[in-house]
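Some notes on the structure that comes next.
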Amino acid sequence: MRTAPGARANPHNTGTHARRLVAFAGREARVVEHVTVLRHASGLCRPLTEGMAMHWYTGNTTYDTVLTAAFCFAAFVIIGGLFAQSSYGRFSTTKLGLNLNPKLGWWLMEIPATAVFLVCYLTGPACFEPTSLVLAGIWLLHYANRGWYFPLAIRQVPGKRSTFNVSVVAMGMLVTSMHGYLNGTLFSHDFFGQYNRAWLHDPRFLLGVAVYLCGFTLLISSESIVRNLRDKKNPGGAEYRIPFGGGFRFVTSPAYLGELIAWSGFALLTWALPGVVILLITAGNLIPRALATHRWYREKFVDYPTDRRALIPYLM
């Protein structure tokens with residue numbers, strides 16, 4: 001504190017000012033100490049979080065372009081699903097042109113997921129690495145069912161018109177081609193060095209496999225129940241019946257729920273954006289279809305169980 005010329009300084013004021021300076025310096029030191037601690041903690045946490053983000057750009061122009069296009073297509077499917085159902089099965093129509101036999105339609109639609117995947121996978125440098133082989137095995141297991149067993153096991157009503165529209169086949173082939181390319185290339189090129197042996201012990205992989213197997217089991221069992229509603233020796237006995245047992249105790253479309261759970265697990269166990277893409281496309285197609293199927297059953301069967309939900313037990 002400044003004093004007038006010739007005046008004596010007040011000892012009390014001088015002491016107060018000194019104490020204030022000491023207190024300020026102490027607070028400043030504590031702030032610096034806290035910032036240092038936070039910086040140190042941030043440095044310790046960084047190694048734990050650096051590998052948690054899903055990578056986007058691989059540096060491969062073709063791959064990155066297809067991945068971007070796939071996300072755009074997923075948005076198209078999600079928006080389109082709000083207005084119309086894919087033209088196959090009970091929602092088929094002749095307004096969109098030629099319809100195919102469902103066995104042929106399903107097989108054509110799903111075959112690129114196997115063929116394109118194998119071509120892309122087997123031409124990659126890491127195709128014989130242990131983790132890549134495990135991921136490829138999970139993929140081929142899924143499409144051994146979806147692309148081969150499921151179409152061939154369909155029980156058709158004799159004389160019934162074809163119900164699988166070519167527009168659905170074309171759209172589906174586009175999806176499964178992108179899907180096969182993105183995952184086959186990713187697994188065998190391992191752009192980010194993610195799929196080493198340690199990945200097989202990563203919590204994301206282990207949890208993802210558990211989720212995937214739960215969904216796949218629900219999918220297989222639900223499709224089996226529906227298939228067996230139609231007598232193999234007399235497939236024309238009844239075109240549609242109310243299914244019971246398994247996941248049908250809770251929802252109208254447990255196969256759709258199983259498919260969604262399986263792809264959620266796949267996205268988790270691969271921890272990569274192609275898994276997110278197919279989950280979005282599947283959800284955009286199957287969630288509106290499950291709701292429409294639920295309404296269809298309730299309108300067609302007066303004795304349809306009132307406690308069943310459309311897709312998610314007790315909720316939706």
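Including glycine, each Cβ sits where the backbone N, Cα and C put it.
What TrEMBL lists as domain '3-oxo-5-alpha-steroid 4-dehydrogenase C-terminal' is 164-315. Residues annotated as transmembrane segment in TrEMBL: 66-84, 104-124, 130-150, 162-182, 205-226, 238-257, 263-287.
Cβ atoms under 8 Å from those of the transmembrane segment (66-84) belong to residues 56, 174-175, 178-179, 181-182, 273-274, 277, 280-281, 283-285, 287-289 of the same chain, restricted to positions at least 6 beyond its ends. Here the listed stretches are 104-124, 130-150, 205-226, 263-287, and the one with the most C-beta pairs under 8 angstroms to the transmembrane segment (162-182) is 104-124. Sequence-distant contacts of the transmembrane segment (263-287), counting only residues of its own chain at least 6 positions beyond either end whose CB sits under 8 Å from a CB of the stretch, comprise 54-56, 67, 70-71, 73-74, 77-81, 86, 135, 138, 142, 175, 178-179, 182-183, 186, 194, 202, 204-205, 207-215, 253, 256, 311. Summarising model confidence by region, the domain '3-oxo-5-alpha-steroid 4-dehydrogenase C-terminal' (164-315) averages a pLDDT of 92.
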